[in-house]
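What Swiss-Prot annotates here:
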BINDING   Asn12, Ala13, Asp14, Gly40, Lys41, Gly42, Ala43, Asn44, Glu141, Asp253  substrate binding site
BINDING   Asn185, Thr221, Leu222, Gly223, Ala224, Lys225, Gly226, Gly252, Asp253  ATP binding site
BINDING   Asp247, Thr249, Ser283, Lys286, Gly288, Ser292  K(+) binding site
ACT_SITE  Asp253  active site, proton acceptor
Amino acid sequence: MRKTLTVLGSINADHVISVPYFTKPGETLTGQNYQIAYGGKGANQAVAAARLGAKVAFISCIGSDSIGKTMKNAFAQEGIDTTHINTVSQEMTGMAFIQVAKSSENSIVLASGANSHLSEMVVRQSEAQIAQSDCLLMQLETPLSGVELAAQIAKKNGVKVVLNPAPAQILSDELLSLIDIITPNETEAEILTGVEVADEQSAVKAASVFHDKGIETVMITLGAKGVFVSRKGKSRIIKGFCVQAIDTTAAGDTFNGGFVTALLEEKSFDEAIRFGQAAAAISVTKKGAQSSIPTRQETLEFLEHA
């Protein structure tokens, strides 16, 4: 029987435009290839996990608008349990305004909308879903009070808690003590620990700060350099795959969804990381957020030929 992953997080309608470079203050640029795509860190990670083979339930909020309803239907078609996606009346679905530069880097501005309603009250309504899960995966695009309560419910019921602390913000020691696995990138690790992560040595220092807060496993994603892992007194960098990137928008989300999926299938940590890395590597070779997330079959074939 497949284990259950519950994802708690955001849903955004992504307004994406390609630009030659990011604008400077006071500058106007003409962009190209404008499109509206489905995104939000929570949604991206839920879709990634579902596409890659996980049994996923998604706790989230949408607005009382047509894009929210359309997105909820799309998640159901991905095989995601949408029972816990709440519709907030007289509110818009969250939005993200994304610039993608020629370098393939992206710059994102968020309008929270319905995401700001993912409160303790909404989480409490989904308590039974969290309690019966095998793993809870969260990010930080929704209110911290809801994230903290979900982590408390999970911990009380022996559910593994994975936090992708993005976008980065200072977190309480109480919340950090409830996390089993944390997956920041270099910037997020620095904001949370005060240690600038530039190499393996500094990553070890940052990881020790997380370990001191009670987090057993620290995984710092290093972009093209791979993933730094620290657990059970040992640390190492697991190198990524070399691909021609054209859009990195959902790379981190795809990695998190893939990693947790493989972990729930009883894969070793290294195997789970490689699976997540392979899925993320494929995603950066395509444009868009959820549209770039590969299927399980694509990912397995990529690993076979890597």
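Note that Cβ sites are derived from N, Cα and C of the backbone, with glycine treated the same way.
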Additional residues around substrate, ordered along the sequence, whose Cβ is within 8 Å of the centroid of Asn12, Ala13, Asp14, Gly40, Lys41, Gly42, Ala43, Asn44, Glu141, Asp253
Gly9, Ser10, Ile11, Tyr38, Gly39, Gly94, Ala96, Ala289
Binding-site residues clustered about Lys41 (substrate binding site) [Cα within 10 Å; pool: Leu222, Gly226, Asp247, Ser283, Lys286, Gly288]:
none
Under a three-state reduction of DSSP output, how is Asp14 (substrate binding site) classified: helix, strand, or coil?
strand
Largest tally of Cβ atoms lying within 10 Å of a Cβ, found at which of the binding-site residues Asp14, Glu141, Asp247, Asp253:
Asp253
When each of the binding-site residues Asn12, Thr249 is scored by other CB atoms within 10 A, the minimum falls on Thr249
Let me know the most crowded of the binding-site residues, choosing from Lys41, Lys286 and counting other Cβ atoms within 10 Å.
Lys41
Out of Asn185, Ser283, Ser292, the listed binding-site residues, fewest other Cβ atoms within 10 Å surround the Cβ of Asn185
If you compare CA-to-CA distances from Asp14 (substrate binding site) to each of the binding-site residues Asn185, Thr249, Ser283, Ser292, which comes out shortest?
Thr249
Count the other Cβ atoms sitting within 10 Å of the Cβ of Gly226 (ATP binding site), across every protein chain shown.
17
With the cut-off set at 10 Å between Cβ atoms, which of these binding-site residues ends up with the most neighbours? Options: Ala43, Leu222, Ala224.
Ala43
